[in-house]
Amino acid sequence: MRTAMLLTISLCTTAITTAAGAELDIDKSGAISALRRIDSNGLGESIAVGAGVMTSSAHTNNWAVLVCTSRFWFNYRHIANTLSMYRTVKRLGIPDSNIILMLADDVACNSRNHFPATVYNNAERKLDLYGDNIEVDYRGYEVTVESFIRVLTGMMFEKNVISDNICNDPLLKSPKLWQITGRHEDHVPRSKRLLTDDRSNILIFMTGHGGKEFLKFQDAEEMGSHDIGDAIAQMFEKKRYNEIFFMMDTCQAASMYKHVYSPNVIAATSSLVGENSYSHHHDMEIGTAVIDRWTYSNLETLEKLERQDKSTLGGLFSTYDPNVILSNPGIRTDLFPRGVNNALVTDFFGAVQNIELTIQGYPKKKVPLTGLRVRPDAKFNFVPSSHAATIEKTVNNPRNQITNNLQTVSTEFYFVNLPFSVAFFVFLTSVWVLGQK
């Protein structure tokens with residue numbers, strides 16, 4: 001059964017489920033109105049957005065978290081998916097210091113690889129994605145659900161803990177028992193940390209094998225849709241992001257954003273609930289598929305962009321063709337009040353620096369009196385009062401002003417102090433002569 005209701009979004013953030021099954025989302029981004037429909041699967045659809053919405057991003061820095069949750073040779077395409085996005089965000093300006101790359105990294109140097117130390121996303125093999133400047137932050141068995149959640153939240157968790165100190169945070173809705181034991185361990189380097197703030201735009205891209213409301217991590221464990229929702233909720237509470245673009249290429253990927261309720265999050269996935277995601281094409285010499293269809297569709301648009309490109313997310317989404325992808329992409333925009341047609345692709349894939357102009361100058365700094373360079377308001381207690389007018393006139397003369405609000409006293413100052421200087425020189429000369437005798 002479908003129900004619909006008019007939402008009023010105010011300054012605090014929470015999610016309230018009504019008896020009718022509709023969900024009331026309260027967003028911190030300002031007073032706006034939206035109409036949201038909740039279907040039987042609990043997936044939201046944005047119907048309309050009212051006035052008062054920001055049309056430009058207020059971010060000052062960009063970050064990317066790129067995760068391949070698969071391993072083994074026949075998942076070659078998942079590695080290629082992730083490295084393709086890695087190359088794109090680097091080309092558009094996001095530095096390695098702002099990229100968290102997580103992948104098994106067991107393909108490039110695999111004994112089955114007919115082209116050692118390379119990874120390609122096209123059978124023509126014109127572009128080596130692995131290259132010589134790739135920086136993998138979490139490699140092999142470091143790619144776990146715990147490490148991924150820790151990266152997003154900046155926290156360290158222990159699961160299935162039986163203790164009197166079990167965390168009762170309502171944001172942790174997972175059926176597992178979680179205990180917060182602290183933030184990143186001290187030995188974790190900065191390169192493995194997501195050092196974001198409330199002005200950071202974050203791209204989260206994930207690919208691998210999954211199903212309805214779960215994503216497998218290296219055939220060893222699973223991450224549920226609750227885990228994603230809880231992690232993003234904690235990021236919002238800690239002011240760790242400005243906006244998030246969540247992308248996932250896996251089977252039934254749309255089910256993974258079902259429990260995301262935090263504001264300023266937009267999601268795009270490769271398939272709806274009940275649908276599979278498919279590979280694009282094979283390389284006969286490599287012996288396996290080299291990329292997935294949905295990722296390939298994104299790259300066809302992203303590869304044409306430059307850093308100052310004005311293409312929007314709405315334009316990117318309009319290029320998705322279910323007849324080519326062989327599934328219906330899932331897009332969720334109800335948590336993103338700015339609207340996809342007002343959000344640039346480079347707001348998440350690039351690192352364009354926005355300059356904020358101001359009419360206010362910097363405050364003047366007080367510079368101590370050194371030598372003959374003085375401020376106009378300096379007091380010359382060591383100068384006879386009869387010469388004060390001459391000095392004040394000289395210092396305040398606009399023609400004598402120089403940069404940094406410093407003035408150089410004119411030659412009149414030297415003439416005023418000349419008798420004192422001559423007397424002091426004669427005194428020193430006399431002392432030297434007496435010393436020679």
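Here the Cβ of each residue, glycine as well, is placed from N, Cα and C on the backbone.
Per TrEMBL, the feature signal peptide maps to 1-21.
The Cβ of His209 (active site) has 18 neighbouring Cβ atoms from other residues within 10 Å, across all protein chains displayed. Annotated active site per TrEMBL: His209, in sequence order.
Look at TrEMBL and you will find Cys251 tagged as active site, nucleophile. Cβ neighbours of Cys251 (active site, nucleophile) (same chain, under 8 Å, six or more residues apart in sequence): His209, Gly210, Gly211, Ser271, Glu275, Asn276, Ser277. In the three-state DSSP scheme, Cys251 (active site, nucleophile) falls into the coil class.
The annotation transmembrane segment is assigned in TrEMBL to 413-434.
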